[in-house]
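This report concerns only the one structure given below.
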């Protein structure tokens, strides 16, 4: 595979932070509390329209009808017809957008920090702000659009919101099994049989078979964080998380779940289903894991560990190959 | 006064000084001799010295801000040593490479002046990998303790490197090179002594040699040198220290006495035995690259010393020109040695005045030689004329020369001094120092040339006056047809064409010169050539790593504890994102951007957390590990700089970034809670310097020309002289700007003074030509054409030879290893030659229209007297 980096973001930033941490970890612990902060309620600040939006850290990229839409840090929203040339779309907020989801070609939502929920009715060409709650200090990490009216969003500290009117109203879902522990919910997706599946901190897994109105918690199979989940076969799912932990099942309700071994020990942050029934997962240190339709790790596709080219959080198929989103921005990967 | 030796002041001056100098010549010579001894001694004490401070335009607002924060956010003293596998030799994960890297790391660790707590490489304990695991963090050293280069261990190191996220910083992007970063301590905390940058640079260079040379030379004491017994190993060198002058060489070494004290001592190489051995640290598969401020200083100093060796070549070239002109190697030694004496005086006065010689100003001695030779030619030429044409004896010729030339000569020199003085208007220490240095040189020239040279010439015994005269006349006869032909320039139609051509080319040059850029036009350290080792190293590191060497600092001035105020941090973060989209910006970093990364690290390294937490607690948590030593914040977190890494420091890049910042501040203005103050970093300094050059360029040129104009008007008491002398000078300046555009030379601290130097010296040609021409026309009542032919006969050849000698004396700078010297050399060579041509061609053309028009008709067929 040949790679064309849209942007070689200086690894310096991340590295300096880690180095600083390495020195300071033993002294960690909050010691001061000073009253600062402003009295006025925070207002959303529109994103800067910039020359190189693709250089931003990007968190999600999705295909929608005829277009691709990607979201990332600094409120960057990008849209492309071919997955290669991107155009920045005006965004009402300039904080990180973490996830985007479309129902059909035109209706979709993007979510992010400050509990931001943005809506588009024109395939991502323009966006309006539906939810903004900075005082929550809780990012929304994932959203799934079921149709033009219905969508479910999940986020930190057990945030779970639902709309049934196209986003006129976003209300908190009563799902005590999932939300009372205030664990972070990192992702929500729709399985092939229509069930909704959410994953989160401490191996949290929840399932809903009524378009997200009620949720049932599943027994934990793992005690670390699960960062995402993809549909697998007719009733199953592939859940992925910290340090290469990948669990899969043919039926999310009845199980059994099995751990996929043999992959690199890198955290997985995103992925996509493939036309042949397989799954492609991406994650830290340039990790790419290809799971074939038969449920086995495909040889030679487990990058990572030696690559170190950056952390990926999302991937989508383009006419010419793949487009990856992550710390290095948007990067083309040609077949 | 000048050019007009009949003025009362001039008459008085000559009447007093001539007997003073010539009646007691031995006394004159003894006085000058004693002064020479004094200045010679002083000059021998002169040191090469360079400093960061005096390169700054102190009064610029950026620099004031820089000074305010320099001590807190300096951080400019980083030294980077990259150990790289040669192309095709694979990656760094092999035993030999890691051994070399360890050797280099240890060597850097033990260098004096290196802050041992701030060295980072794969082998230092501060470089660890950390990964989030269920319920916490897991980490360790990248190279495990007890490391043996087994395949498994090497694979482990490889994995740790990836986990430690040091690729791009301590390991190159393609993993074929690894870095040792270190910081130098400017002042020794124990002795409070300033770090010797040149020496430090050489010590770093030795590390490179240690890894890349097959042989080494052990230097041992031949006999006991208390407290060290015979056979003590003094030091190890990687270049053969023996050579032509090894007897006089001294070796500086740091030794440990038997008592355990560390001492620094110098040894004479002749007291040491040299033993050649195989170098155990030699690794044929690696290269070493070294960059950092100290290395720049060291390399510039080394290259400057190299330039000194060109001085001999320069002297030789000038001697050859003079000898051809005078027809005698012996006689030409007089003006030449007087010129050298002037250089000695200049350096002596410089040291006496408390200055050291800066590499930047090392060209001034060349200029002094050039100027003094130029005047020497005028004097010797006139003296020769007196001897050969009029048949006077040496002494009488000397006195006649003195009478005729002392006033125009001194006025020309005063014009020079004023010209150089205008350079003082550039508020940059290093440039002012250069101007002062040059002014000292001119004072030396006045004494050495105007007093000493005629005095010495009076002792010259022309052994065979007839042969000597014959040579002069033969040569003059050869030249006469040329002069006669050139005198045709005074014909009005010819003159009209000349002036028209000059006007058209001037306009054309002016159009081209509008593209002249201020600042550096090339990547790399501007002082050094693009092909210098340093710049190649720098380029290689910049290509292989994700770190930049060109950085602009913008200080976020805010309130106390601002780093836990979301609004402030968000504003800084937004500003950084804006900057990252400005062309020429590679990346930015600040506490605000790093807080996000740390916040994500605390959240299981999940990148979707990469955002500033809204809560104070979150900001405290993510920011608390950044100490003030990171350069990201000050003690009370009221100042947080943004580091902007730029792709290069070309003038256009800097301009783009600075104006983008100004635009940003228009839409997001500074207010009481946050001011984005410009600027620090090497790019900040360059931005300030470029600003200063832009601002002072016209001021300097205005005062330069005003001063020259004043001198000319006072001397010739008329507007005619002003036009005839000044216009060619101005034309050449504009041509030079056009040439700079063609050659890709920017207007910098180095090239701006060149304009002043060249104009200051170039005006001499016009003054000499015009003074003789005017005298011929006004006093001797010659027709213009005849007058100009005679002028050329008298001074024209001197002007040509002077131009040649001047050009020869600066042309050797082109061989310099320093880019600014190359640029200066090219420009001065061109300007010295062009000024002569312009004066010879344009001056008569102007006089054709402006001077004594009624004599024009009588010019046909005129010959020299």
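Our numbering is plain: 1 for the first residue shown, then up by one each step along the chain.
Glycine is treated like the rest: Cβ placed from N, Cα and C.
Automatic, uncurated: that is what TrEMBL annotation is.
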*Which residue range, B:267-286, B:287-306, B:307-326, B:467-486, is the one TrEMBL calls transmembrane segment?*
B:307-326
*Output the single range from B:307-326, B:360-385, B:794-814 maximising the number of Cβ pairs under 8 Å to the transmembrane segment (B:436-460).*
B:360-385
*Could you pull out which residues elsewhere in the chain have a CB under 8 Å from any CB of the transmembrane segment (B:751-773), counting only those six or more residues past its ends?*
2-4, 367, 370-371, 374-375, 378, 408, 411-412, 415-416, 418-420, 422-423, 426, 431, 434-435, 438, 693, 696-697, 700-701, 704-705, 708, 711-712, 715-716, 721, 724-726, 728-729, 732-733, 736, 740, 745, 787-788, 790-791, 794-796, 798-799, 802-803, 806, 820, 823-824, 827-828, 831-832, 835-836, 839-840, 843-844, 847, 851
*asked:* Is the transmembrane segment (B:794-814) in contact with the transmembrane segment (B:723-745), using at least 3 Cβ pairs under 8 Å (sequence separation of 6 or more) as the test?
replied: no
*Might you confirm whether the transmembrane segment (B:826-850) is in contact with the transmembrane segment (B:698-716), defined here as three or more C-beta pairs under 8 A between residues 6 or more apart in sequence?*
no
*Take a look at B:307-326, B:360-385, B:494-513, B:794-814, B:826-850 and tell me which one has the most Cβ pairs under 8 Å to the transmembrane segment (B:405-430).*
B:360-385
*If we call contact 3 or more Cβ pairs under 8 Å (sequence gap 6 or more), are the transmembrane segment (B:794-814) and the transmembrane segment (B:360-385) touching?*
yes
*Between B:333-354, B:360-385, B:494-513, B:826-850, who has the most Cβ pairs under 8 Å to the transmembrane segment (B:307-326)?*
B:360-385
